Amino acid sequence: MKIIIFGPQGSGKGTQAELIARHHGWSYISTGDIFRYHLKNQTALGKKVDKYVSSGLLAPDELTNEIVKDRIFQPDCVSGFVLDGYPRNLAQLEFLNKIAKIDFALAIELSDEEAIKRLADRWACKCGLSYHLLHNPPKEPGICDKCGLPLFRRDDDKPEAIKKRLEIFHQETEPLFAVYNKSGIWHQVNGDQPINEVYRQIDDAIHHHLG
Ligand code: AP5
Ligand code: MG
């Protein structure tokens, strides 16, 4: 099953995508995590996208499209994947349509006010997991439950970058909802509920869709 997951910054895309993928044995792909890996390791790609990602702007489509194309054709994606953070604009959607047939598209709804509050208390791990001091704390403070690495604050979780990211979401990504809504593979879930409840509703929708 090939799933894409949409939602404003802080809505819980990464949190839910990781749970879905782990539960079903599908691969979890986050374009944001891929960019952060390249930034941290100062690869050629990392150097090219630094100024965009750190300030909350979208990386150039040509680079992003190539990354996704490389990733979704890896052997671990054959049984299925959950794609978090792509496509984010019409050009990316058109590219994705040429290389993959998506089975299910999902959006997590959350107000900007709530999203901003959540990001203020998010701690991230480089393995892709996100924690929240109140709603999803790690077992040991500052350490990832899954891989034992120290947690960090993301560079783009500063107020100016959050504002920019939300603006881009509303201007460029939200218009894609109408396209998927017409396709019969679309589902929206209220993200302003506890993590387990959001997950339960998403999983029900996936099972319903699978028939
Ligand atoms: P990306 O990493 O995708 O960031 P984002 O879209 O800004 O989304 P976030 O990761 O901030 O939020 P999330 O929805 O995953 O929330 P999370 O699960 O962590 O992209 C980063 C950057 O990379 C982009 O700005 C851009 O520069 C670049 N990029 C990426 N894709 C690109 C593309 N396609 N094209 C061009 N550039 C691209 O949850 C947030 C917090 O809330 C956590 O603390 C979590 O524990 C908590 N939480 C989650 N769910 C709940 C809940 N139900 N109740 C309470 N707390 C919750
Ligand atoms: Mg994320």
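Glycine residues also receive a Cβ, built from the backbone N, Cα and C atoms like all the rest.
Here the structure is a predicted model, which means the values were calculated and not measured.
Record check: TrEMBL places Thr31, Arg36, Gly85, Tyr86, Pro87, Arg88, Gln92, Arg165 at the AMP site, and the matching candidate among Arg153, Arg154 is Arg154. Looking at 30-59, 120-149, the range tied to region 'NMP' in TrEMBL is 30-59.
In space, Tyr131 is the closest of the binding-site residues Pro87, Arg122, Tyr131, Arg165 to Cys144 (Zn(2+) binding site), judged by Cα positions. Neighbour counts of Cβ atoms within 10 Å were compared across the binding-site residues Gly12, Gly85, Pro87; the minimum falls on Gly85. Within the same chain, the residues at least 6 positions away from Gly14 (ATP binding site) whose Cβ sits under 8 Å from its Cβ are Ser30, Gly32, Asp33, Asp84, Gly128, Leu129, Ser130, listed in sequence order.
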